[in-house]
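If you look up Swiss-Prot, you'll see 1-15 marked as signal peptide. If you look up Swiss-Prot, you'll see 135-140 marked as repeat '1'. According to Swiss-Prot, the feature repeat '2' maps to 141-146. The repeat '4' annotation in Swiss-Prot covers 153-158. As annotated by Swiss-Prot, repeat '5' applies to 159-164. Marked as repeat '8' by Swiss-Prot: 177-182. The repeat '10' feature in Swiss-Prot is assigned to 189-194.
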Amino acid sequence: MKLLILTCLVAAAFAMPRLHSRNAVSSQTQQQHSSSEEIFKQPKYLNLNQEFVNNMNRQRALLTEQNDEIKVTMDAASEEQAMASAQEDSSISSSSEESEEAIPNITEQKNIANEDMLNQCTLEQLQRQFKYNQLLQKASLAKQASLFQQPSLVQQASLFQQPSLLQQASLFQQPSMAQQASLLQQLLLAQQPSLALQVSPAQQSSLVQQAFLAQQASLAQKHHPRLSQSYYPHMEQPYRMNAYSQVQMRHPMSVVDQALAQFSVQPFPQIFQYDAFPLWAYFPQDMQYLTPKAVLNTFKPIVSKDTEKTNVW
């Protein structure tokens, strides 16, 4: 074992100087190679620099070209924008002019429409007036024709009115005849009481009725106003109001109003003569008028004059 170790050591000792020499040789060779490579590498470096510079120049040229193109495009775009703005301005001005022209046209159209409406209304009014005038002319012609035909009608009416006038005259003349008949009957009854007793009760009642009718006719015709050919209903109400105001203000009534009041206030008609029965058998003919003031005065409370001075507890 010892021998083997020794041999290994000897071999290692012998091998050590050789490796050093080899390393020295290798370092020298490397230096030589590096120097030669440097000699050869110098033109390559220069070439690379030239290529880099050339590339840079190319890039600069490309950039300048791109800038020129961008400038050209910008100029074209600005020109296009200017043209578009000019066109827009021209279109706006033209549209404004058109709108300004259109606004008066619209107003003119409205005015024309209004004038047309007014003309239509005036035409309709004229047509209506023309129709109305035609109707008036027809009515006037009809009236004229009726006026030409009226004389015959007036004559007929006068013929019809003549008997009525005669009747009115006879009615105004009748009271005296009736009064004469009543006086004659009273004289006969007063002079011939025996004959009146011999007459039957039926005949007496008929005579009494005739006398009563004659008296009523005489009274009615005394107070009956004159008959007029025309009747005015609006004159009736003022007459009633005047009569009521006379009663309310306690003015003395005329004889005609008293007779009319007696005649209208009778609750039952008078059938028999005044001398046939005693006075208590007849109904009263005069009625007392009651005014609203007299009725209201009855309900006023009676109070002494010193009521204001007295204290109410």
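Just so it is clear, glycine is given a Cβ too, placed from its N, Cα and C backbone atoms.
It should be emphasised that the depicted structure is a prediction, and the values quoted were computed from it without experimental measurement.
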Helix, strand and coil residues within the repeat '2' (141-146) as assigned by DSSP: 6 helix, 0 strand, 0 coil
Other parts of the chain folded back onto the repeat '1' (135-140), taken as Cβ under 8 Å at six or more residues beyond its ends: none
